[in-house]
Amino acid sequence: MSVRVAIAGVSGRMGRALLEAVAADDGCALYAALDRPGSSLVGQDAGAAWGAANGVTVTDQAQAALKGAQVLVDFTRPEATFGYLEACALDGVPVVIGTTGFDEAGRARIAAAAERVPVVFAPNMSVGVNLLMKLAEVAAEVLQDGYDIEIIEAHHRHKVDAPSGTALGLGQAVARASGRDLEACAVYGREGVTGERDPRTIGFATVRGGDIVGDHTLLFAGVGERVELTHKASSRATFAQGALRAAKWVQGRAPGLYDMRDVLGLK
């Protein structure tokens, strides 16, 4: 039996990737296609713009469209996510959130919604990236304070938030594993005369350009050696496939806040 999937943000890059992934996945079926009010796709066939009509009409009426859906997959922007979350909570529809750029208050709103419906919330749905997160924790536990930690990420010119949600997730992972508070020790870029590096800090560097899908490198720099863990995404399909894996996994789960480590059994 296929999972009835609603997709939010079908006009975006990830929206297209999700439409294509659902069409190729025998375990999922497109049930609803949502986009922002005023979108040129509203009223059109969800797949027509990509040359693959699927019989599902794009709508901006979330509450009506979600009735009967078994999961909503959301890759939009924070302000849109909150509206979709509320609609899902009212109808008991599980949610998979791949949107990034949330502040602390936004993450608290997601956690509150997860008390009513199951929510899988992850900055990156890629199986490879989530394995990288696990490897990052192991490396931080083993290497400890003898190694300086730097996180370098690169994305396409259209990405609006920095550092990426994945980079911040890596920062959280190594901070937890090494007994640090990321908010207190993060350094977001350096300029001018900075003085010597504080060994307890975790540095972030951001690159934006071209059509880079997503590159992340975690660097542990010691004296006489360095360890680098790198993941490079060459297609958004990897994120879409991971999101659909989460959409299937969340079926029948109790309300709660989950992440891809739960989905992949990495906890």
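Cβ atoms here come from the backbone N, Cα and C positions, even for glycine.
Summarising the annotation, Swiss-Prot assigns NAD(+) binding site to Gly9, Val10, Ser11, Gly12, Arg13, Met14, Asp35, Gly98, Thr99, Thr100, Ala122, Pro123, Asn124, Met125. According to DSSP, Ala122 (NAD(+) binding site) is assigned to coil rather than to any helix or strand. Residues within less than 8 Å, Cβ to Cβ, of Ala122 (NAD(+) binding site) and separated from it by at least 6 positions along the same chain comprise Ile97, Gly98, Asn130, Gly169, Ala246, Asp259, Met260.
Here Swiss-Prot flags Arg36 as NADP(+) binding site, drawing on sequence analysis. DSSP classifies Arg36 (NADP(+) binding site) as coil under the three-state reduction.
Taken from Swiss-Prot, the feature active site, proton donor/acceptor applies to His155, supported by sequence analysis. Sequence-distant neighbours of His155 (active site, proton donor/acceptor): residues of the same chain at least 6 apart with a C-beta under 8 Å from its C-beta are Ser164, Val207, Arg208, Ile212, Val213, Gly214, Asp215.
Swiss-Prot lists His156, Gly165, Thr166 with the feature (S)-2,3,4,5-tetrahydrodipicolinate binding site, giving sequence analysis as the kind of evidence. Cβ environment of His156 ((S)-2,3,4,5-tetrahydrodipicolinate binding site): Arg208, Gly209, Gly210, Asp211, Ile212, Val213 lie under 8 Å away, each six or more residues apart in the same chain.
Taken from Swiss-Prot, the feature active site, proton donor covers Lys159, and the record attributes it to sequence analysis. In this view, Lys159 (active site, proton donor) is surrounded by 16 other Cβ atoms within 10 Å of its Cβ, with every protein chain counted.
Other residues of the same chain near the (S)-2,3,4,5-tetrahydrodipicolinate site, with their Cβ within 8 Å of the Cβ centroid of His156, Gly165, Thr166, are Thr100, Pro123, Asn124, Glu153, His155, Lys159, Asp161, Ser164, Ala167, Gly214, His216. The CA atom of Arg36 (NADP(+) binding site) is located 18 Å away from the CA atom of Lys159 (active site, proton donor). All protein chains included, Thr99 (NAD(+) binding site) registers 24 other Cβ atoms within 10 Å of its own Cβ. Here the CA atom of Gly9 (NAD(+) binding site) lies 18 Å from the CA atom of Gly165 ((S)-2,3,4,5-tetrahydrodipicolinate binding site). In this structure, of the binding-site residues Ser11, Thr166, the smallest number of CB atoms within 10 A of the CB marks Ser11.
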